[in-house]
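Q: Handing you a structure now.
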Amino acid sequence: MPIGVPRVVFRNPGDPISSWVDIYNRLYRERLLFLGQGIGTELSNQLIGLMLYLSMEDENKDLYLFVNSPGGWVIPGIAIYDTMQFVRPDIHTICLGLAASMGSFILAGGQLTKRIAFPHARVMIHEPYSGFYMAQVGEFVLEAIEMAKLRETLTRVYAEKTGQPVWVIHEDMERDIFMSATEAQAYGIVDFVAVQGKEHGFHADL
């Protein structure tokens, strides 16, 4: 039986009475954002709106984006990435679970030196897919051209964010490439792997 979104007690500063809010709303107030599902237009717009609002609220305080996503639609994912580059606050990206496809693209899009993967996280990159196989011949040609442009964009961004040569990214994206947290660090998708300490919880490790 589904339990729905957990709710917690929260009181706004200056309010005499506490109220119940869903846990994500509470965490948003601490500038903690979550990408925890497949990427589509609705989720993309929600994250973009939150980043813009929190940026306007305090442009000097960092944002934290936790990524556990199998990927999703390319254009909504690029929209999230572009917003991350546009807003004034630095955005930390933290991978837990899986960051695949556009999820890894967004993970790599965090501020350099502020991208982290949990020790058992998995990262996957591959080329963008399309539904052109259902299209008519003319539509197939147009969509194939568009997908080639999108792939070129993703390849260029991955190269910029990871430091890998463009030809390496291009070849690796031809198939599904899965990486452990340490492999993603070596590849340049993240900067650190979080290491669990008995006394101090998780901390980033070079």
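Residue numbering: from 1, along the chain as shown.
Backbone N, Cα and C atoms are what each Cβ position is placed from, and that goes for glycine too.
Annotations for this protein, taken from Swiss-Prot, read as follows:
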- SER101: active site, nucleophile (ACT_SITE)
- HIS126: active site (ACT_SITE)
Q: HIS126 (active site) to the residue listed as 'active site, nucleophile': how many Å between their Cα atoms?
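A: It is 6 Å, counting Cα to Cα.
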Q: Tell me which of the active-site residues SER101, HIS126 sits in the most Cβ-dense spot, judged by other Cβ atoms within 10 Å.
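A: Per the Cβ count within 10 Å, the most buried is SER101.
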Q: For HIS126 (active site), name the DSSP secondary structure in the helix/strand/coil scheme.
A: coil
